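K.L.:
Look at TrEMBL and you will find 1-28 tagged as signal peptide. The feature domain 'SGNH hydrolase-type esterase' is assigned by TrEMBL to 35-249. For SER39, the entry in TrEMBL reads active site, nucleophile. The disulfide bond annotation in TrEMBL covers CYS54-CYS79, CYS120-CYS128. Positions annotated as active site by TrEMBL: HIS242.
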Amino acid sequence: MSRRVRTALAAVLAAVLGAVLLPGAARAATVNYVALGDSYSSGVGAGPYDLSTCLRSQKSYAPLWAAAHAVTSFRFPACGGAVTADVRNNQVGQLSASTTLVTITIGGNDAGFADVMTSCRFGSTSSCESAVAGAKAFATATLPGRLDATYAAIRERAPNARLVVLGYPRLFETGYCGLLAMSSYKRTILNQAADVLNGVTADRAGAAGATFVDARPYFTGHGVCAAEPWIRDVSGVIEAYHPNASGYRYGYLAALTAAIG
């Protein structure tokens, strides 16, 4: 046998052994990703939207992450306006034993996000205080059980998936913002309510064995009233107080990527 033939056979043998002994090196990992949740996952504020009533945008963090990682499959049932019961009843059906990654934002609508924002934007200081106090009480007393049930439903449907729970940003900068803006005090107590909601969400995510991703640091300096806001103000009613395209890309996507790659 010539030296050239021996060399060629050795190369073939090495390739075969490598394929048998190191399958992970020869094939990319399978990632079957499902993005659940509310408007902060569907992409409200980023636009443009699909034709459904859920206002799903390809500029939300979930499709951006899926595209950047060339996932095996991607499903996107997240829906604007969703509460925890909607996730359990209408979204977890997209999960299966083959699902490997699930992301979710949920809980803000359960706590009355839209009503609180309306009370604070258009109502008196006392009505804002009352709405915020009610939301905080709900978040600490009632929301934990709803989150537990939701995370359990996800685990049941997708037992092999990594569950990643993303929190909500603080919506406001608290400096001077013009004569027509909410007062600094109102903006401060709304940010404090977001902190309470994030604390509850992080606690229940941890109890469920999920990864909690805190988005707040990534939005710092880019809330409503910032020079470069990543949160929309009331200029668009449906999109008000949601991230814009920059917020989803440089806020949420950056936070998710830092947490899971």
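From the backbone N, Cα and C atoms, a Cβ is placed for every residue, glycine too.
Heads up, TrEMBL stuff is auto-annotated, nobody curated it.
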K.L.:
Long-range same-chain neighbours of HIS242 (active site), Cβ under 8 Å, sequence gap at least 6?
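P.N.:
Listed in sequence order, they are SER39, TYR40, VAL44, GLY45, ILE231, ARG232.
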K.L.:
Using the alpha carbons only, what distance in Å do you get between CYS120 (disulfide bond) and CYS79 (disulfide bond) once rounded?
P.N.:
25
K.L.:
In sequence order, which same-chain residues at least six apart have a C-beta under 8 angstroms from CYS79 (disulfide bond)?
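P.N.:
Within the chain, CYS79 (disulfide bond) has Cβ neighbours under 8 Å at GLY37, ASP38, SER39, SER42, SER52, THR53, CYS54, LEU55, ARG56, ASP86, ASN90, GLN91.
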K.L.:
Within 10 Å of the Cβ of CYS54 (disulfide bond), how many other Cβ atoms are there?
P.N.:
22
K.L.:
Do any residues at least six apart in sequence from CYS128 (disulfide bond), in the same chain, have a Cβ closer than 8 Å to its Cβ, and if so which, in order?
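P.N.:
Once residues fewer than 6 apart are set aside, CYS128 (disulfide bond) is near SER119, CYS120, LYS186, ILE189, LEU190.
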K.L.:
DSSP secondary structure for CYS128 (disulfide bond), reduced to helix/strand/coil, please.
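P.N.:
For CYS128 (disulfide bond) - judged by DSSP and reduced to three states - the answer is helix.
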K.L.:
In which DSSP state, out of helix, strand and coil, do we find CYS79 (disulfide bond)?
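P.N.:
Looking at the DSSP assignment, CYS79 (disulfide bond) belongs to neither helix nor strand, so coil.
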